[in-house]
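Participant: Let me give you the structure first, and then I'll get to my questions.
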Amino acid sequence: MKKEVCSLAFFKAVFAEFLATLIFVFFGLGSALKWPSALPTILQISIAFGLAIGTLAQALGPVSGGHINPAITLALLIGNQISLLRAVFYVAAQLVGAIAGAGILYWLAPLNARGNLAVNALNNNTTPGKAMVVELILTFQLALCIFSSTDSRRTSPVGSPALSIGLSVTLGHLVGIYFTGCSMNPARSFGPAVVMNRFSPSHWVFWVGPIVGAMLAAILYFYLLFPSSLSLHDRVAVVKGTYEPEEDWEDHREERKKTIELTAH
């Protein structure tokens, strides 16, 4: 675990999550600003959120994995794909990034267009319980799409993961906006709520729904549909951040072998 945290790659990944979430929240919320000359449409907002996540997954995914969402990060932890410490750092970076993105937009947007900064709320007489189920379903399909399209074990063509993920986010918004404004991402809900200081009694919906939905998708995908072949010892090592794949051990062995040969000469 100490080795993982002390690496430059780790801190690059954490910063990438901060930056990606900042940009995602800025563009996503920005598409929902209520300009007097042209109010936003459901389609406009849905496409903007999808384009934002797809662009960022393509640009910064290779650095951090492109989670950009605490629900996805926690689901990958449950799915034994990342370490506990990485999950903690990622979630913290995502939440701070979301606040920063919402704060920048608040500062830039004129008062007559700012509105409530697209703070998530229950719409059309949706009860908190139903809203939670809606968020669960929306995030479940998003998480399944992410896990499947980025699974390195797949041998069949998967196309562009960034495009698939972007379309999944767009799909969720096309349905979810009518119920909850569509969160699917606790950071997306948390950022503007902090900046606007508008935490409704139903704010928990935008944490519980997405997190439970993503975790259920992780259990289904990583333990039932496509279970890992790792031993219990290796699974524990993944959570602790000390796991090294066999190919890494082979690389290390070759490097040591070359070093010994050079020293011998």
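Start at 1 and count along the chain as shown; that gives each residue its number.
Cβ coordinates are placed from backbone N, Cα and C, and glycine is handled just like the others.
As annotated by Swiss-Prot, N-linked glycosylation site applies to Asn124, with the evidence given as sequence analysis. Marked as intramembrane segment by Swiss-Prot: 66-74, 181-191. Residues or ranges marked as topological domain 'Cytoplasmic' by Swiss-Prot: 1-12, 61-65, 75-87, 148-158, 225-265. What Swiss-Prot lists as topological domain 'Extracellular' is 34-39, 109-126, 192-203, and the listing cites a curator's inference. Marked as transmembrane segment by Swiss-Prot: 13-33, 40-60, 88-108, 127-147, 159-179, 204-224.
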Participant: Going by DSSP, how much of the topological domain 'Cytoplasmic' (61-65) is helix, how much is strand and how much is coil, in residues?
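Facilitator: Taking the topological domain 'Cytoplasmic' (61-65) as a whole: 4 helix, 0 strand, 1 coil.
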Participant: With pairs closer than 6 in sequence left out, are the transmembrane segment (127-147) and the transmembrane segment (204-224) joined by 3 or more CB pairs under 8 Å?
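Facilitator: Contact confirmed: at least 3 Cβ pairs fall under 8 Å.
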Participant: Sorted by position, what residues of the same chain at least six away from Asn124 (N-linked glycosylation site) have a C-beta under 8 A from it?
Facilitator: Tyr178, Phe179
Participant: Is it true that the transmembrane segment (13-33) and the transmembrane segment (159-179) have 3 or more CB pairs under 8 Å, sequence gap of 6 or more?
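Facilitator: Contact between the transmembrane segment (159-179) and the transmembrane segment (13-33): absent, because fewer than 3 Cβ pairs are under 8 Å.
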Participant: Six or more residues beyond either end and a Cβ under 8 Å away: which residues meet both conditions relative to the transmembrane segment (88-108)?
Facilitator: 10, 13-15, 17-26, 29-30, 33, 64, 67-70, 73-74, 82, 114, 117, 186-188, 190-192, 194-196
Participant: What average pLDDT is reported by the model for the topological domain 'Cytoplasmic' (61-65)?
Facilitator: 96
Participant: Report, as numbers and ranges, which residues of the same chain sit near the topological domain 'Extracellular' (192-203): CB under 8 Å and 6 or more residues beyond its ends.
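Facilitator: Those are 25, 29, 99, 102-103, 106, 116-122, 128, 131, in sequence order.
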Participant: For the topological domain 'Cytoplasmic' (75-87), what does DSSP give as the number of helix, strand and coil residues?
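Facilitator: Residue counts in helix, strand and coil order: 8 helix, 0 strand, 5 coil.
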Participant: Near the topological domain 'Cytoplasmic' (148-158), which same-chain residues lie under 8 Å Cβ to Cβ, leaving out any that are not at least 6 residues past its ends?
Facilitator: 61, 65, 164-165, 221, 226
Participant: Could you count the residues of the topological domain 'Extracellular' (34-39) that DSSP puts in helix, in strand and in coil?
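Facilitator: Secondary-structure breakdown of the topological domain 'Extracellular' (34-39): 0 helix, 2 strand, 4 coil.
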Participant: Restricting to the same chain and to residues at least six past its boundaries, which positions have a Cβ under 8 Å from a Cβ of the topological domain 'Cytoplasmic' (61-65)?
Facilitator: 12-14, 16-17, 20, 76, 82, 90, 150, 161-162
Participant: Is the topological domain 'Extracellular' (34-39) packed against any residues at least 6 beyond its ends, judged by a Cβ distance under 8 Å, and which are they?
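Facilitator: Apart from its flanks, the topological domain 'Extracellular' (34-39) reaches 112-115.
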